[in-house]
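Data first, discussion second: the structure below is written as structure tokens.
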């Protein structure tokens, strides 16, 4: 298999090395924004290099479902990381209009990597739920209330995450201690083989975590897209626009309207009955709550009213009667002015 890799020349190894270097730089970058032009330029360069390398690997058929891990040359093991690196770089793209497309593409890359690893017996893990070829874990049959969360599954998931985290930290420590000898070329073949297998196992944990995170975000995005595409529900009839009212003086009856109207010729008057009839025609108020046609009914004291309430209502009635007395005097004064011209009775210094 090493000869087949060599048929592609050093170009394949250079493309993978470029993609790995750009990935490491992005992970260690202190750039505050992942959308910065410099960051996104590295993402595009890394994706281009890794995609070309993946196409070469597929053309050379470096990996096959009909072979075992021992049949793969140690120097070729590092090319198994290509789909995982592609998934990681795909997630670093920040085009929000294509976010769902990027998530689904990254998920396919990670899933391809996991299937490849499981085919060669690298790592013991379960493929994400809903994946074709997933092995269903056997669990004791426990009746589950559909309205309650599956506590057993949640506990198992939490335990698996904690175990994955511990394994990932151990792998990172081993890789850090071995990287200098491998990169300097002083490591033997067994060390090189172990180094690449450890890298693959580390990316298995990373891929499982990323797929879980992607699935959660996809649920949110699909719900949002469905809400946007859902047709608007039926709406009730729109309320007619109200005609703006002109200012006027509201009076108790027609007699009071004449009195106030004479003093404010620029402002029209309207009795309570006229105002109510106008609003009723506009559909703003209804007949309910009024007694005799043309006049609002006086509310009767409620049953069981206290003495204080009765006294309060009686006081209001007396005040209204006082208002009527004042109105009568105003009307008499108005009649007197009609029959007595201005200046009547002022005979001072005249003939």
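For all residues, glycine too, the Cβ spot is worked out from N, Cα and C.
Looking at the stretches 62-83, 84-105, 106-127, 128-149, the one that TrEMBL records under the feature region 'Disordered' is 128-149. Looking at 186-205, 206-225, 226-245, the range annotated in TrEMBL as region 'Disordered' turns out to be 226-245.
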